[in-house]
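Colleague: Let me begin by handing over the structure; questions about it come next.
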Amino acid sequence: MSVATLATPRSRWANLLRTRELSTLFILLAEIAFFAWYLWPDGGGRHPFVNAENGLLILKYSAIYGIAAVGASMVIISGGVDLAPGAVIALTTVILGHQYLESQWSLPASILAGLGVGVLAGGLSAALVVLVRLPPFIATLGVMGITRGLAYIVTEGRFFDVSARIPPKWAPLGVPLDWIAPIVMVVLMVVFHLFMRHVQAGRAVFAVGGNETAARYTGIRVGRIKTMVYVVSAVLAALSGVILVLGQGQGKADLATGYELDIIASAVIGGASLSGGRGSVIGAVLGTLIFGVLRNALPQIPGATFYDRLIVGLVVVVIVVVDQLLARRQE
Amino acid sequence: MSVATLATPRSRWANLLRTRELSTLFILLAEIAFFAWYLWPDGGGRHPFVNAENGLLILKYSAIYGIAAVGASMVIISGGVDLAPGAVIALTTVILGHQYLESQWSLPASILAGLGVGVLAGGLSAALVVLVRLPPFIATLGVMGITRGLAYIVTEGRFFDVSARIPPKWAPLGVPLDWIAPIVMVVLMVVFHLFMRHVQAGRAVFAVGGNETAARYTGIRVGRIKTMVYVVSAVLAALSGVILVLGQGQGKADLATGYELDIIASAVIGGASLSGGRGSVIGAVLGTLIFGVLRNALPQIPGATFYDRLIVGLVVVVIVVVDQLLARRQE
Amino acid sequence: MPDLMSALAFEDVSKAFGGVKALRGVTLSVAPGDAHALMGENGAGKSTLMKIAAGIHRPDSGRLLYKGQVLDLVAPRAALAAGIGLVHQETLLFPNLDVAENIFAGHEVRRGWFVDRRAMHARSAELLAQLHLDVDPATMVSRLSAAQQQLLQVARALAFHCEVLILDEPTTSLTDSEVDHLFAVLELLRSRGVTLIYVSHRIPEVFRLCRTVSVLRDGQHVGTWPLEGKSAHDIVRAMVGRDLETGHGQGKVGEAVRLDVRGLARHPHFRGVDVQVREGEIVGLFGLIGAGRTEVVETIFGLHRPDEGTMRVDGESFAPHAPADAIRRGVVLQPEMRQSQGLFFNLPISENLLLAREAARNGWMRQLGRERGECEALLTRWGIKAASIDVPPDSLSGGNQQKVVLAKWLATAPRVLLLDEPTKGVDVGAKHDIHHLIRQEAALGMGCLVVSSDLPELLALADRIVVLKQGRVQGEVPRGATEEDVMQLATRAEETDAA
Amino acid sequence: GGSAPDPAAPKMLRFAVIPKALDIPVFNYARIGAERKAKELGNIEVIWRAPESADQLRQKEVLESFISQRVDGIAISCTNGDFLAPVIDKAIAAGIPVITWDADAPTSQRMAYYGVDDFKAGQRLATEALTALGNKGKVALMTSLGAYNLQRRLDGVNDILKQQPGITIVETFDVKEDIVRAGEVIATATNRYPDLDAWISVGGWPIMTRNALEPVDTARTRVFSFDTIPPAPELLKAGKVHTLVGQKYFGWGSEAVRLLAEIKAGRMPPQKIIDSGVDVVNRANVDQYLTEWNKLERGQ
Ligand SMILES: Nc1ncnc2c1ncn2[C@@H]1O[C@H](COP(=O)(O)OP(=O)(O)OP(=O)(O)O)[C@@H](O)[C@H]1O
Ligand SMILES: Nc1ncnc2c1ncn2[C@@H]1O[C@H](COP(=O)(O)OP(=O)(O)OP(=O)(O)O)[C@@H](O)[C@H]1O
Ligand SMILES: OC[C@H]1O[C@@H](O)[C@H](O)[C@@H](O)[C@H]1O
Ligand SMILES: [Mg+2]
Ligand SMILES: [Mg+2]
């Protein structure tokens, strides 16, 4: 085997890996370019879509999904799926609101209580998947019901108006609230990307998702790895909930209803395979941005109100189809 | 190989098969017994839960899910999953309403148009799964968006009041409208149960779900089998939509939102495995009845109002866990 | 010139997978009624050629002639309809269906619209009995052992009544007696005029069954010869292109007991198992199908908890809760099924090689840069033929995949190496390499416990052989024993059971 | 199950009070009103029930379940009145009195409706806006597709606005009953239409937190919204909102229970449609409104 033959396929594979995230990035940029062109202001002047403020807006709202997608994509890579993030987000906002307003806890303590929701929900999912060996879909569907159910029980249809006690221009550590969500999202994305690539436990997630039996025979502690991904997923969902309640000012049981499907779709658009073993944290976050841009830009197009569901559906299909075709080309 | 050794495992297996559906039936009966006891009227008199009218009610509403669950469980057995049924139901009600009221088609023609929605949606799902080889989750998620999106575009948030043109006591072929849904559900359940157990194409669905490569190599036309299950699933969802619009009188875009998860959960409670190859049409229908009884009985328990979601979540988990434990015992 | 006298002929057939040229202009014909062996090293293209005949792959160029007619196979279905059946090298069964349904999947016996279950069960029972496979047609396939599954795949092919029956390494999990039963059936088929194509790495079997042999090397047809008058030596030379010395190469067995297993039991699979392996020693573990060998080594590896018994590694008590514990103590297992238990097809070879070691290591950061060098060294040392360390293992031939699995374990520098069918489906060259490497590792002081259904292999490799029957140790034979000695131990037990 | 019967006490009346959904905050006050009134009247038990999120089919199923258990009365806020009408009629045929509140089912036999006339209320909201805007400007509308009463309000709003040539409606946004989505839409549209003159929302999504309206520059863009539940009045005082149109939230519940009790006592409501009227709250009267509200909340 000569060094020459070695070089070609290595860089091809490395390319492929990189391409997978690059291609998601490319789609995102294409999408942005499209809307930049489509929404170009007729008379010149300020561009309604391409401006710093709007960029921040997209990031801020996408982060609610994006932070949760970091964990959800890890679950998918491990060969599972997590349907609970939306409900965990909601219960976190409710518990935080309840502790802060009703139980008069301090804000940090209330935030910890909110994150505790993530630990418990993730622990329950993990227990059901690892110990009872339920299929992840049904285990997390159950946890989704239980979590959201608790949120309804605590609120009884009311909401906790946290905005009453958080000053509107509040800037913890000097960072404006609006910046926090995007920053947290990017930091988590980088940290967990490195984790999945360079840390043994992260590599093991790929192994477990690729071939669970082989992972067991290889001495990987499959149970621990799975427990880890479900707990991380739920804790990040809870973190997203914390940011949601601080940013939006409300703890409410119906928040983030149905977001789990958007989050899963984002991860898949970003290259994750629902049969496990493949995916990327960065890709998943980029996936949420692709949807975030849609949610932001569609309302800017007069008359699009009734079309947004269709467009989102079409975008999901088209992106994944194009991706599939590109992947086949490359083979 | 003696006859004795031959008899034991075969009948054991046969038992197992039967048990799987029997155990779902048992859970349903236990649930009914529980509510019969819990809701026993104090002063005697009419039982609020155990009465013919209420039984019909449960069947009538469960059938909306149950009819779709017949097809959805076939998709699951084939190793896929269908997230589109709820949206297909909605688009069917809308198209039927539109053709009947706006386009002034005859009722049978409008019904056919409604069922056509199923054919098209199922065909699209099948094309994406079979030809483009998208993972079923993402393919049907896309179809769900497209279908529901079209429903909103057609209605623009309004609805078609079909009831205006259907006489209130309308009884096609002498069958009262309320009876039609349960009858259709039971007939479909029996027909597709026989199909899946005794017809070659039905057996092939199990083979495809069990090992797709092996199925292809043994000469099973995997593409056709998959196409069949996605089309059947969508057509049955459309049929459920037809029954919904005729029975309830409205074609509206937001009908049956989120029902896909209930339908999948029903199939799983009824013994289907989301990794494919296992499941039962009868089990899936019984699963929808388990949820139907909950939806009917919980409103009869005054304090339960905010506990619904929790109870449903717990029920899913408990049933599947118990089932798993029983299955392990038997091994 | 098309050979009108052939049952099946390939004309200038080529096939590439991406950059890999699996077949390069193969022209080869098989006479009707022949028992034709197809041999070649791992990755030579045998399975690819056979899959073309079975309609699974379509050739990139060239054509297929069947009874003198050009045959264009668009799907497996078409091949079956034409009367060409293939027993696949890989296990391709439906774990969720019972034995009868597996046999008839896609070709169910029907009565009117409905599947005739009774008829299928009756017919299945016949087929199974022919192969002396003692399982009920209603048993779920997931409950069968690897060997039973392999025989079941044969039974399925028999059900089709093919005119040309191709068997791609059908005996890799089988011991001699099962092979005997299988060959009896194949002889019968041949006497009825069925053309057999037999792919195998087991040279004695080829001599027993076949009349003609064709050899492929690097995707090209080397030649076709009548077997009459040929020696094993000739065939190996044709396949490998060189001579292989068949040295027994006895290593030196030390005094220290590396692995000491006493009274190990896991019901109902085995009980009272005593095995000692010394440093530098290679101990064979032999037994008939379902004797419980796999269960024993998996239990030692910590995959299952024993019900009774004690284990020691280098004199210290050893009770692993999970493979990770065993690996940390230097006890590793190369599992029986490399595809499902040994490899990650979603990950590059480099990960496959190092995951085990990294999972057992205490540190948690990976040094991907340094690892590359190690992986490339492993590739060279084991002579693994791969495009690079960055391709996933599905692009490798079976033998090379097996070497990856072995290399991954030796990369952990174990003290006790448990091997379950280390040369399953591996070509003579690779087998030779693997034996050589096992001996080399043992010589460094490692203790090896080798499970193999290939008795000649065990006799050549092991310092002594422990014979297992129905989960109990029947005795052991020292180096230099004959096949008869071993089989006697196994069959003696059978006679006492029958009594 | 159930409570122990006391033969001496008069028979307990079980009234099912059904909002559109459990997750819509305005209904919480209706629940308080209903339970308070039940306690006040004595022998009444309120069963508060609805689907978690607005789903007209599930609401119908709940309604039917109450018919088959023969509650003594039903008060319902209809997600879709036409859709429920046949079942409401069925209840009445079964001898169960039904009244509607908040959202009516005009085509049914319901014995009374207590609430606003949604079309007129929408007109009123739009009129307030027109006055403030001087009959001209760019406005954005906000609704949630699906609920019939919201559709009627929207129709009312449009009815008024469309008559004004000076008014441009830039878009009608659907926020899907999701307040996070409402916040996102407001922020996006504010960025898109910096010269927007007004927001008109037919439901309370923008005014349930301080955060949703944060991006809106109130010096430029005025906000007109349905609903006055907290913290809306405070937002108004802080200048974030121009005018609110409120409903009789406590009254939805208390009137519903009272009407049912009356019917059970044989006294039919004097008229079928009891227009609760709206509370138009603006800078001038917000303090007074808050005083009233606090009284109501304390149950006075
Ligand atoms: N589906 C595939 N995709 C990519 N490469 C493949 C595929 N199938 C086979 N190959 C490659 O083609 C070559 C021939 O493989 P083939 O399986 O035919 O070998 P073989 O002679 O059957 O080997 P073995 O004795 O190990 O079974 C090998 O290099 C193999 O890696
Ligand atoms: N998945 C399974 N389910 C049920 N029984 C099994 C399973 N695998 C093996 N067995 C049974 O356990 C016993 C021991 O099997 P084991 O695989 O350890 O035998 P072995 O000696 O390695 O033989 P083989 O050559 O089949 O691998 C046998 O009776 C076998 O039939
Ligand atoms: O938040 C939404 C709510 O808005 C109210 O104005 C309306 O009366 C309710 O029915 C509900 O739709
Ligand atoms: Mg091969
Ligand atoms: Mg074995």
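Note that Cβ sites are derived from N, Cα and C of the backbone, with glycine treated the same way.
What TrEMBL lists as transmembrane segment is B:21-40, B:55-76, B:83-101, B:107-130, B:137-155, B:175-195, B:228-247, B:267-294, B:306-327.
If you look at the structure here, what lies around each of the features I listed?
Modeller: Listed by sequence, the residues of this chain that lie at least six past the ends of the transmembrane segment (B:267-294) yet keep a Cβ under 8 A from its Cβ atoms are 20-21, 23-25, 27-28, 31-32, 35, 58-59, 61-62, 65-66, 69-70, 72-74, 76-81, 185, 189, 192-193, 196, 206, 208-211, 308, 311-312, 315-316, 319-320, 323.
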Colleague: Among B:83-101, B:228-247, B:306-327, which stretch has the highest count of C-beta pairs below 8 Å with the transmembrane segment (B:21-40)?
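Modeller: It is B:306-327 that shares the most Cβ pairs under 8 Å with the transmembrane segment (B:21-40).
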Colleague: Apart from its near flanks, which chain residues at least 6 from the ends of the transmembrane segment (B:83-101) lie with a Cβ under 8 angstroms of it?
Modeller: 64, 68, 71-72, 107, 109-111, 113-118, 121-122, 125, 137, 140-141, 143-145, 147-148, 150-151, 154-155, 159-162, 164-165, 233-234, 237-238, 240-242, 244-245, 250-260, 263-264
Colleague: Per the 3+ Cβ pairs under 8 Å rule, pairs at least 6 apart in sequence, do the transmembrane segment (B:55-76) and the transmembrane segment (B:228-247) touch?
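Modeller: Between the transmembrane segment (B:55-76) and the transmembrane segment (B:228-247), contact is present.
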Colleague: Does the transmembrane segment (B:107-130) come near the transmembrane segment (B:228-247), with 3+ Cβ pairs under 8 Å (pairs 6 or more apart)?
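Modeller: Per Cβ check, the transmembrane segment (B:107-130) touches the transmembrane segment (B:228-247).
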Colleague: Do any residues, 6 or more residues outside the transmembrane segment (B:175-195), come within under 8 Å Cβ-to-Cβ of it, and if so which ones?
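Modeller: Cβ under 8 Å, 6 or more out: 56, 59-60, 62-64, 66-67, 70-71, 74, 169, 201-202, 232, 236, 239, 243, 246-247, 280-282, 285.
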